[in-house]
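So that you can see what the record holds, here are the features copied from Swiss-Prot:
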DISULFID  11-63  disulfide bond
DISULFID  15-37  disulfide bond
DISULFID  22-44  disulfide bond
DISULFID  26-46  disulfide bond
DOMAIN    1-64  domain 'LCN-type CS-alpha/beta'
């Protein structure tokens, strides 16, 4: 599984071309994952996630920002 990790506010985690920051964010939530900064979305994107990982979904978006 893969997807955008969410911050405490339910929003995607913003980044500006900083893959290491995103890798740390992803691994803080899911140890075996990897992550990078998705340039077009300016948001962190995680890969190699467990099937039950909760990631941002446009259909259930509760982001207030």
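Even glycines carry a Cβ here, placed using N, Cα and C.
Shown here: features listed in Swiss-Prot, placed on the structure.
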residue : record         : DSSP (3 states)
11      : disulfide bond : coil
22      : disulfide bond : helix
37      : disulfide bond : strand
44      : disulfide bond : strand
63      : disulfide bond : coil
Checklist line | Residue from 11, 22, 26 whose C-alpha is spatially nearest that of residue 37 (disulfide bond), among the disulfide-bonded residues | finding: 22
Check: residue 44 (disulfide bond) to residue 15 (disulfide bond): how many Å between their Cα atoms?
Finding: 6
Note to self: Could you tell me the mean pLDDT the prediction assigns to the domain 'LCN-type CS-alpha/beta' (1-64)?
What the structure shows: 94
Next item on the list: Quick one: of the disulfide-bonded residues 22, 26, 46, which has its CA closest to the CA of residue 15 (disulfide bond)?
Entry: 22
Note to self: Using only C-alpha positions, which one of 11, 22, 63 is spatially nearest residue 46 (disulfide bond)? These are the disulfide-bonded residues in the record.
What the structure shows: 22
Margin query: Return the count of C-beta atoms lying within 10 angstroms of the C-beta of residue 26 (disulfide bond), excluding that atom itself.
Written below: 26
Next item on the list: Fill in the CA-CA distance, residue 26 (disulfide bond) to residue 11 (disulfide bond), as an integer in Å.
Entry: 14
Margin query: Can you tell me how many other Cβ atoms are located within 10 Å of the Cβ belonging to residue 22 (disulfide bond)?
Written below: 24
Checklist line | Which same-chain residues, if any, lie at least 6 apart from residue 63 (disulfide bond) yet have Cβ under 8 Å of it | finding: 6, 9, 10, 11, 12, 56
